[in-house]
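**Q** To start, I am sharing the structure in question, which I have written as structure tokens.
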Amino acid sequence: MCGIWALFGSDDCLAVQCLSAMKIAHRGPDAFRFENVNGYTNCCFGFHRLAVVDQLFGMQPIRVKKYPYLWLCYNGEIYNHVKLQHHFEFEYQTKVDGEIILHLYDKGGIEQTVCMLDGVFAFILLDTANKKVFLGRDTYGVRPLFKAMTEDGFLAVCSEAKGLVNLKHSMTPFLKVEPFLPGHYEVLDLKPNGKVASVEMVKFHHCRDEPLHALYDSVEKLFPGFEIETVKSNLRILFDNAIKKRLMTHRRIGCLLSGGLDSSLVAATLLKQLKAAQVQYPLQTFAIGMEDSPDLLAARKVANHIGSEHHEVLFNSEEGIQALDEVIFSLETYDITTVRASVGMYLISKYIRKNTDSVVIFSGEGSDELTQGYIYFHKAPSPEKAEEESERLLKELYLFDVLRADRTTAAHGLELRVPFLDHRFSSYYLSLPPDMRIPKNGIEKHLLRETFEDSDLIPKEILWRPKEAFSDGITSVKNSWFRILQEYVEHQVDDTMMAAAAQKFPFNTPKTKEGYYYRQIFEHHYPGRADWLTHYWMPRWINATDPSARTLTHYKSAAKAYSLTQPS
């Protein structure tokens, strides 16, 4: 987790423009570098470093003697960099995982490079010999990337939009900033005057397709066919491997633990892998909630079962409400469910940074989208429609859950790792017959639960625990977090403001006072940038008026259903 920033063809003084790069300093608290490009007085890179791999030679832009014409700024982790180095017999100059990008590019060009990277990444690659600039982002957009480009060829790129919105350019008083699409790379020509022209934008990977780098993977051979025992065995192999490869770091590893299925499976498998790797420190797990939070109780149960060094963070409604402004500024979105869920994650990240030396943090993000974990999947008209919805959610992760996970942790200089979004694991899961993946017996994520049924990784009551949205689980069932927020907002937004909402906010007009309140905060920080969010996150196939799972009929009967169906 780092912060990357670059300008090409700037008309303004770079010394002034580079102040914008400081807006993302939180992403890399260990070091900062600002570097002009030789021969181009109006092109530069800015880099904020969180030193996770190669403490000595990890500064960026990365340049190696063999390729003096290549400049690389990237944010991410490339888990197969050692395997590829050995396979192709590349001579490395550093121990930085991103160095592999330079060697792959020199060997086979940009398309082969991005398809071979097993990991999460956002990068800017400059080739001054061939006068090209390349931008790329991982399949799910786990690592963020924004760009702004003008008609006359000025290009600005940054990990977060806040590093671009205040840039000046003679062609336009209002620079259009937009997210760079996940799973894509872009090729741009670099002109002698430092400006650029886009040549092509290419989608290099679809989440359903097995990635090219699988050819060079050392994971055990998977068994063919869709017999249930075969599938379960393959899923366990791939999940183990997804976590094992993510141990790559020189910093201490910790894990978020809500006590739900996903984070519990991650924490338990992570602890097992750390022991196998003979890591000397205990695994720290972190849970957050208010008093009577079901998440805190469940997380405590899991921590006791697996033997982690467990931390519980308590917060009250006032602390949560006070954090809203900071949270929305960090997120760069006003989506209702994202803001709700981000408060707890923001506060727990703040605690981890302040009170521990854990820096690399594992989490269960991506599982609900991949394994059809949201409660509304019970209402899917058919397995095929459920499959379509799952892929839509994965495609939009960068606007919602992955955005939340990245910004709330990055705001406090932490690096998040999400094994459920591992390329091999997710593409295999999506290759399974649609009717294998749907909820069964009133239980969502049935296949995932069944896969670990006999493992004793986590307690049975956690393995079969009903789905609880993070923003709901951190508070008691009697008084949900969304109700606390709505009660507070009721006194901040009046009916006359709501009556004029469509005039004030014609795009994505907020329909509730809570939505209006978040939008106001967002517009204060990012005026005129509402189109970063294409639509609000809402459940499908039901007449929902609120994104919270606790408002759905199925939630109310879930506890009863689970007590009847849970294996004894």
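Using N, Cα and C of the backbone, Cβ positions are placed for all residues, glycine too.
A quick note: this is a predicted structure, and the numbers were derived from the prediction, not measured.
Reproduced below are the annotations present in TrEMBL:
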ACT_SITE  Cys2  active site, for GATase activity
DOMAIN    2-191  domain 'Glutamine amidotransferase type-2'
BINDING   Asp97  L-glutamine binding site
BINDING   Leu256, Ile288, Ser363, Gly364  ATP binding site
SITE      Glu365  site 'Important for beta-aspartyl-AMP intermediate formation'
**Q** For Gly364 (ATP binding site), list the number of other Cβ atoms lying within 10 Å of its Cβ atom.
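**A** Neighbour count, Cβ to Cβ under the 10 Å cut-off: 24.
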**Q** Would you mind checking how many other C-beta atoms are within 10 angstroms of the C-beta on Ser363 (ATP binding site)?
**A** 25
**Q** Measuring CA to CA, name the entry from the recorded positions Cys2, Leu256, Ile288 that ends up nearest Glu365 (site 'Important for beta-aspartyl-AMP intermediate formation').
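**A** So, of the listed recorded positions, the one sitting closest to Glu365 (site 'Important for beta-aspartyl-AMP intermediate formation') is Leu256.
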**Q** What span in Å does the ATP site cover, taken as the longest CA to CA distance among Leu256, Ile288, Ser363, Gly364?
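**A** Site span for ATP, by Cα atoms: 15 Å.
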**Q** Does the residue listed as 'L-glutamine binding site' have same-chain partners at least 6 apart in sequence with Cβ under 8 Å from its own Cβ, and which are they?
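**A** Within the chain, the residue listed as 'L-glutamine binding site' has Cβ neighbours under 8 Å at Val53, Glu77, Ile78, Tyr79, His81, Gly119, Met248.
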**Q** How many other Cβ atoms are found within 10 Å of the Cβ atom of Ile288 (ATP binding site), counting all protein chains shown?
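**A** A 10 Å sphere around the Cβ of Ile288 (ATP binding site) contains 27 other Cβ atoms.
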**Q** Among all protein chains shown, how many Cβ atoms are found within 10 Å of the Cβ of Glu365 (site 'Important for beta-aspartyl-AMP intermediate formation'), not counting that one?
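**A** Neighbour count, Cβ to Cβ under the 10 Å cut-off: 29.
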